[in-house]
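*Asks:* The transmembrane segment annotation in TrEMBL covers B:6-26, B:38-60, B:72-95, B:107-127, B:147-165, B:177-196, B:225-248, B:255-276, B:296-315.
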Amino acid sequence: MGPAFYIAGAVAILSTLMVITRFNIMHALLYFIVSLLSIAVIFYLYGAPFMAALEVIVYAGAIMVLIIFFVMMLNLGPQTAGDEARWLTPRIWIGPSILCLVLLAELVYLILQPAGTAGDVITVDPKAVGMSLFGPYILAVELAGMLLMAGIVGAYHLGRQKKKIVHRFLERTSDV
Amino acid sequence: MEAHFWWVIGGVLFVLLNTAAGLIWLERRMLALWQDRYGPNRAGPLGLFIVLADTIKLFFKEDWIPPFSDKVVFVFAPAVVVASVLMSFAVIPFGPNILVADWNIGLLFFLAMSSLGVYSIVLGGWASNNKYALLGAMRGASQMISYEVFMGLALMGVVLLSGSFNLREIVEAQRGMWYIIPQFLGFVIFLIAGVAETHRLPFDIPEAESELVAGFHAEYSGMKFGMFFIGEYLGVTLVSSMIVTLYFGGWLGPAFLPGVIWFVIKTFVFISLFILLRASMPRPRYDQLMEYGWKVLFPLSLLNLLVTAAVKLILTDNLK
């Protein structure tokens with residue numbers, strides 16, 4: 001796939017390692033953004049420019065911003081770095097690491113298999129993505145839409161409360 | 001072809017950075033004009049050297065990194081806004097042959113870069129470790145995330161009509177009629193969302209100086225502050241040129257002037273509109289801004305998308 005792929009892949013792996021090992025949650029999130037961006041580059045290289053753009057817009061641009069938003073609201077960061085350092089003991093990470101190593105071994109085994117069909121890069125343009133989403137996969141789209149709807153209704157229910165505005169001029173009660 | 005390509009990149013960068021600097025002068029002169037005063041008129045012809053004076057002042061100020069800040073993130077944040085805005089310019093066709101990246105995801109790339117631009121506010125405010133900066137950053141994050149939604153939805157009307165995410169093809173599709181006419185509602189929503197995305201007055205709530213000192217960049221000084229400043233002017237230029245590209249026919253225009261000149265003229269009209277907005281509008285309260293966005297602009301942009309899709313469907317059915 002050429003040097004571009006290997007550079008992007010190396011950046012992705014390195015930054016993901018940094019995500020796990022940083023004690024300051026904000027730094028971990030920054031590395032996570034870098035990891036997502038490098039994955040977007042890999043998507044682009046493999047002929048999925050639409051996916052690459054959505055990866056940046058949705059994951060790096062919206063979801064990560066929300067997570068950072070909550071980190072700021074909860075005032076985490078350097079204040080909690082000590083806690084994180086205490087939590088990241090070998091007793092915690094050794095189990096997941098073994099499981100990951102099993103997966104890695106499996107992946108290496110699969111790569112070493114001779115049957116390599118992944119050679120040609122077929123570019124999938126935005127129109128093709130739309131055609132397949134609203135063609136064969138319409139049911140999945142509808143189901144995802146319903147799930148999101150349920151989430152919105154739930155969020156509305158949780159956030160709903162009688163709100164009393166106490167102000168000299170704005171004395172009134174209303175439910176939001 | 002290769003040589004031409006590098007010339008385009010160099011030329012675009014040169015013009016953009018100079019425009020952003022020149023806007024310091026333009027904004028102050030025009031604000032003064034609309035507020036019945038002179039503005040900077042002493043240094044050089046028409047006060048043009050105020051740009052030079054301002055830049056030199058910024059470079060000579062003490063570049064202070066607060067000891068209580070997160071230093072790496074603090075230094076990194078101002079660069080993000082300039083980098084992301086400059087990257088967005090890669091997909092904008094400035095003229096028939098003046099285009100850096102002819103991508104079929106051009107419009108999405110613009111949206112992606114504008115959503116990455118949020119990080120500079122968020123990280124700058126967080127790294128400052130100052131409650132005013134943090135408040136500004138949180139306001140900025142929620143404002144920009146919300147307004148991005150309607151911005152994207154408003155743009156989909158244009159995508160429907162032109163059938164492409166490629167900005168060059170969108171411009172070409174406007175030969176018959178500029179999209180300002182069929183997509184007037186989309187244009188208004190995009191304009192409002194664009195003002196909010198660049199957090200310019202009246203939507204400069206992340207930095208509202210009368211309540212938050214200076215908001216997310218309260219702790220910044222010297223050229224780091226200058227980067228936020230330049231990033232804001234570049235953002236204004238970017239949104240203006242996007243408006244021109246998407247709704248006002250880009251470089252299209254009567255043939256007595258070359259396309260790129262038309263593009264520049266149209267863009268400057270919208271930059272002036274941004275400055276006029278600053279001169280004339282009061283700043284809304286923060287909750288008013290969010291309410292306005294979600295309760296007015298969001299349903300309107302959905303309606304715009306629905307009606308556009310329906311009309312397009314009816315018209316193509318009739319043509320068959």
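Cβ from N, Cα, C; glycine included.
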*Asks:* Could you tell me whether the transmembrane segment (B:177-196) and the transmembrane segment (B:296-315) are in contact, taking contact to mean 3+ Cβ pairs under 8 Å with a sequence separation of 6 or more?
*Replies:* yes
*Asks:* How about long-range neighbours of the transmembrane segment (B:38-60): same chain, 6 or more residues beyond its ends, C-beta under 8 Å?
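*Replies:* Same-chain contacts beyond the ends: 21-22, 24-25, 28-32, 222-223, 225-226, 229.
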*Asks:* Cβ under 8 Å, sequence separation of at least 6 from the ends of the transmembrane segment (B:107-127): give me the contacting residues as numbers and ranges.
*Replies:* 69-71, 73-74, 76-81, 84-85, 87-88, 90-92, 101, 133-138, 140-141, 144-145, 148, 151-152, 155, 158-159, 165-167, 170, 197, 199, 206, 215-217, 220, 228, 231, 235, 242
*Asks:* Could you name the stretch, out of B:72-95, B:147-165, B:225-248, B:255-276, with the greatest number of CB pairs under 8 A to the transmembrane segment (B:6-26)?
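*Replies:* Against the transmembrane segment (B:6-26), the leading stretch is B:225-248.
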